[in-house]
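Annotated ATP binding site per Swiss-Prot: TYR5, ASN42, ASP69, GLY110, LEU111, HIS112, GLY113, VAL114, GLY115, ILE116, LYS334, in sequence order, evidence recorded as sequence analysis. According to Swiss-Prot, the feature domain 'Toprim' maps to 412-525. As annotated by Swiss-Prot, Mg(2+) 1 binding site applies to GLU418, ASP490, with the evidence given as sequence analysis. The site 'Interaction with DNA' feature in Swiss-Prot is assigned to LYS443, ASN446, HIS497, ARG617; the stated evidence is sequence analysis. Feature annotation from Swiss-Prot assigns Mg(2+) 2 binding site to ASP490, ASP492; the stated evidence is sequence analysis.
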Amino acid sequence: MTTNYSAQEITVLKDLEPVQIRPGMYTDTTRPNHLAQEVIDNSVDEALAGFATKIEVILHPDQSIEVTDNGRGMPVDIHPTEGVSGVEVILTKLHAGGKFSNKNYEFAGGLHGVGISVVNALSERVDIQVKRNGEIYKIAFENGSKVEELEIIGTCGRRTTGTIVHFKPNPKYFDSAKFSVSRLRHLLRAKAVLCSGLEIKFIDKVNNTQDIWLYEDGLSDYLIEAVNGFETLPKKPFVGEFKGANEAVSWALLWLPEGGELIGESYVNLIPTIQGGTHVNGLRQGLLDAIREFCEFRNLLPRGVKLTADDIWDRCSYILSLKMQDAQFAGQTKERLSSRQSAVFVSGVLKDAFSLWLNQNVQDAEKLAEIAISSAQRRLRAAKKVVRKKLVSGPALPGKLADCGSQDLEKTELFLVEGDSAGGSAKQARDREYQAILPLRGKILNTWEVSPDQVLGSTEIHDIAVALGIDPDSNDLSQLRYGKVCILADADSDGLHIATLLCALFLRHFPKLVQDGHVYVAMPPLYRIDLNKEVFYALDENEKEAILDRLKNKKGKPNVQRFKGLGEMNPSQLRETTMDPNTRRLVQLTYDLGEDQGSDTLELMDMLLAKKRSEDRKNWLQAKGDQVDLSV
């Protein structure tokens with residue numbers, strides 16, 4: 001390692017180099033299926049916009065894929081600032097495309113992923129043909145670099161338009177260079193289901209098979225076929241759709257009262273969100289609100305029984321498709337939606353639609369209510385078997401602890417909240433059934449070098465240990481009182497300091513909690529942005545600028561509010577941004593137990609927190625200080 005840290009040591013990655021050096025940051029490197037999905041998404045976006053009616057996908061024996069659509073065709077004119085053709089910009093520049101405004105696409109799935117430029121970067125060769133303006137154009141790339149200039153190779157009818165993308169992934173970037181045919185077929189069929197009237201043909205030249213999908217009533221037919229053979233409630237799926245100003249949602253739902261293999265698929269702009277997200281949370285909440293209202297209106301609930309989302313969700317099979325502008329995903333591979341507004345939109349639409357359906361189909365509705373109530377009663381019986389620590393069975397619980405009612409470790413959460421004022425807001429914002437609040441007064445003790453027998457000398461840490469029901473440095477979690485421990489501190493530097501000290505406490509003195517995945521850090525927003533009737537929350541300066549950039553084409557002037565601390569938020573804001581499972585952001589505290597990674601983590605923490613290593617910290621700050629992100 002060099003001791004001189006100068007400009008010569010700084011590496012600047014250009015064009016597609018970041019993708020080729022760190023492919024795992026941009027795509028799934030297990031198999032190249034995600035590359036195919038990116039190309040297919042571009043064609044499907046043309047269908048969503050009303051310009052394409054047919055898509056053909058061919059898997060060749062050499063494990064290359066060819067995707068053809070009859071959309072508008074990629075732009076071939078010269079880009080005004082880049083000085084090269086539009087198709088070349090799209091293939092060679094990260095974050096380039098026609099979907100960053102709503103002029104070309106009302107809804108688009110291709111905007112928020114890695115884009116076709118990453119397909120180019122990770123492929124041995126990419127050949128593009130474009131039919132546009134009555135002419136056929138061709139351009140080719142190898143390993144991300146252009147090898148054939150854009151040229152006209154023929155003519156076609158002026159109304160004949162479209163794009164052909166033929167690419168062969170580079171095997172060195174993937175664990176297996178072979179496409180998963182089953183996943184590819186499932187993806188294509190789902191696209192056809194979700195985009196009524198779109199014909200999709202899949203030609204598998206490896207296995208010599210061919211499929212054609214065209215659905216006019218896609219969601220209902222697809223769900224019925226998926227649960228074929230099982231008893232369903234209702235007999236025909238509960239289906240519906242609704243289109244708002246900037247969002248549209250469609251769904252199909254069935255319940256399997258006698259059990260069976262449940263189907264749960266969600267999509268955003270026809271992109272499969274395998275890990276769900278805020279739109280699925282909204283679906284759960286909408287169903288819960290409607291069934292609760294139905295049961296209360298008809299006096300169906302036994303005394304002491306309160307329904308939760310899991311009670312109505314337990315045997316539900318669903319297909320959910322959301323189309324929205326400015327969708328935000330967690331990660332480049334778009335497997336989880338994180339847009340907060342989608343939860344509110346979907347839950348509101350589903351609550352109204354499901355309430356109407358319940359009251360129009362009373363016989364089926366009462367059977368559903370019976371299933372949900374039975375689930376709730378089973379849950380309550382199971383909870384009674386878990387005995388909470390009482391005053392007579394151990395140390396008295398901290399007086400400032402606002403405990404929750406449930407004993408279900410799958411759902412209970414303890415929030416460690418910075419400051420009494422924020423603790424007061426959190427107590428009002430919480431779900432009393434599942435969420436407990438323990439306010440902390442100021443910065444806790446730095447316990448990194450404190451011995452286990454002395455760590456409980458700190459009142460704050462003693463309260464944390466008693467509230468959790470476990471002793472420091474113990475591997476016995478049998479008396480653990482909460483399934484999640486959530487650190488909730490301000491988004492400023494002081495809050496980050498407190499969160500760091502708490503993370504150090506758990507890593508050093510409660511390592512079993514961390515290893516078993518019980519510790520989380522809440523991510524409260526630093527900014528609130530209001531424009532007309534829309535509200536957005538930004539985690540940091542970069543996210544604020546990204547939101548403002550998206551809003552600059554909308555009418556009105558955004559109002560930006562910076563939260564100085566959690567105490568500034570009213571309970572409803574705190575709940576929406578930080579405590580509501582449907583809309584909050586939580587980051588799980590983990591560290592790799594592997595021999596190298598685990599020791600590296602502990603070494604870094606020791607350097608940052610040990611009092612005797614001030615000189616090491618000074619040297620580290622001198623070397624890394626230019627990377628700091630300061631909010632002044």
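From the backbone N, Cα and C atoms, a Cβ is placed for every residue, glycine too.
Projection of Swiss-Prot feature records onto the structure.
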| residue | record | DSSP (3 states) |
| --- | --- | --- |
| ASP69 | ATP binding site | strand |
| GLY115 | ATP binding site | coil |
| GLU418 | Mg(2+) 1 binding site | strand |
| LYS443 | site 'Interaction with DNA' | coil |
| ASP490 | Mg(2+) 1 binding site | coil |
| HIS497 | site 'Interaction with DNA' | helix |
| ARG617 | site 'Interaction with DNA' | helix |
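Sequence-distant neighbours of ASP69 (ATP binding site) (same chain, six or more apart, CB under 8 Å from its CB) are SER43, GLU46, ALA47, ALA52, LYS54, ILE55, GLU56, GLY162, THR163, listed in sequence order. Of all the recorded positions in the list LYS443, ASN446, ASP490, the shortest Cα-Cα distance to GLY115 (ATP binding site) is found for ASP490. Its Cβ placed at the centre, ASP492 (Mg(2+) 2 binding site) has 15 other Cβ atoms within 10 Å.
A distance of 24 Å separates the Cα atom of ASP490 (Mg(2+) 1 binding site) from that of ARG617 (site 'Interaction with DNA').
The closest partner of HIS497 (site 'Interaction with DNA') among the recorded positions, by CA position, is LYS443; the full candidate set was GLU418, LYS443, ASN446. Note on ASP490 (Mg(2+) 1 binding site): other Cβ atoms within 10 Å of its Cβ, all shown chains, come to 22. A sphere of 10 angstroms centred on the C-beta of HIS497 (site 'Interaction with DNA') encloses 15 other C-beta atoms.
Cα to Cα, ASN446 (site 'Interaction with DNA') and GLU418 (Mg(2+) 1 binding site) are separated by 15 Å. DSSP places the residues of the domain 'Toprim' (412-525) in helix, strand and coil in these numbers: 46 helix, 21 strand, 47 coil.
All protein chains shown were included, and the count of other CB atoms within 10 Å of the CB of ASN446 (site 'Interaction with DNA') stands at 16.
Neighbours of GLU418 (Mg(2+) 1 binding site) among the recorded positions LYS443, ASP492, ARG617, defined as a Cα within 10 Å of its Cα, are LYS443. Around the Cβ of GLU418 (Mg(2+) 1 binding site), a 10 Å sphere holds 27 further Cβ atoms from the protein chains shown.
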